[in-house]
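My structure is below; once you've seen it, I'll send some questions.
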């Protein structure tokens, strides 16, 4: 058996001595055991914050160059990437191809497990070719084991193109880490149910992906204070949220916030700058464009220009 296939040496495949008798536990004890193990996940993530920071830097630079952040994974790992990617457009008003989640087997595999499809390195490379991977992109391959061929193939191909690459795994010295510019190896220990990496490993990866995409969007001016000022106003709930955001930042009454949001074409940042600078939509948009989308910079520029008059 090759070293690559000897999964029994992986931390994620070893037995957890704390859960060896879980089959004999009552319901509350089962839940307590799982909860106790889950506490270890956040601590493990804390240990790799410096590595996550580098991944954020890669992705942020890609977006500044009009590149993309691309997740690639199989099974649960692939689903996590898709989940993070699809939430970015409504939350931050980025286009659907700014953050992309690629999953072995495509959309069908998201709903129904297709375990065998992960064994093809060629498929990982092909999926990146299909979306036209460029050197401006950042690819984060996700695999709890650190040895999934689909993830390995994606990283190998991305390296040939010149894209920045990151391996996200739950095992030290993993195979896919050797194919990446940088790795995040978050060791959460053995699973509650041996080898069930949809549990602690997946939880850790979900936390890390949340951190990466959120930090990138903050650094891209999509957040002001702690508010999602680039929220895409696509339904009544989000419209009410947008009005609340405008009120919170500017202090205007509900009706004024609603009126300004409508005048700004439902663009929250424009409405905020309009109110903060007492300007119209055209001027507010020009200020935001000059400030690369950052509200505070747009307001500062306006104040500076007013002083020069």
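Easy rule for this one: first residue shown is 1, then count along the chain.
In case you wondered, yes, glycine gets a Cβ from its N, Cα and C as well.
Model, not experiment: these values are computed from the prediction.
Feature list, courtesy of Swiss-Prot:
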type     : residues : note
DOMAIN   : 59-222   : domain 'SIS'
ACT_SITE : 87       : active site, proton donor
ACT_SITE : 118      : active site
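Have a look at these and tell me how they're positioned relative to everything else.
Per-residue pLDDT, averaged along the domain 'SIS' (59-222), amounts to 95 for this model.
Annotation for residue 87 (active site, proton donor): spatial neighbours 213, criterion Cβ-Cβ under 8 Å with sequence separation of six or more.
DSSP assigns residue 118 (active site) to a helical segment in the three-state reduction.
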Taking the Cβ of residue 118 (active site) as reference, which residues of that chain separated by at least 6 in sequence fall under 8 Å from it?
74, 75, 104, 148, 149, 150
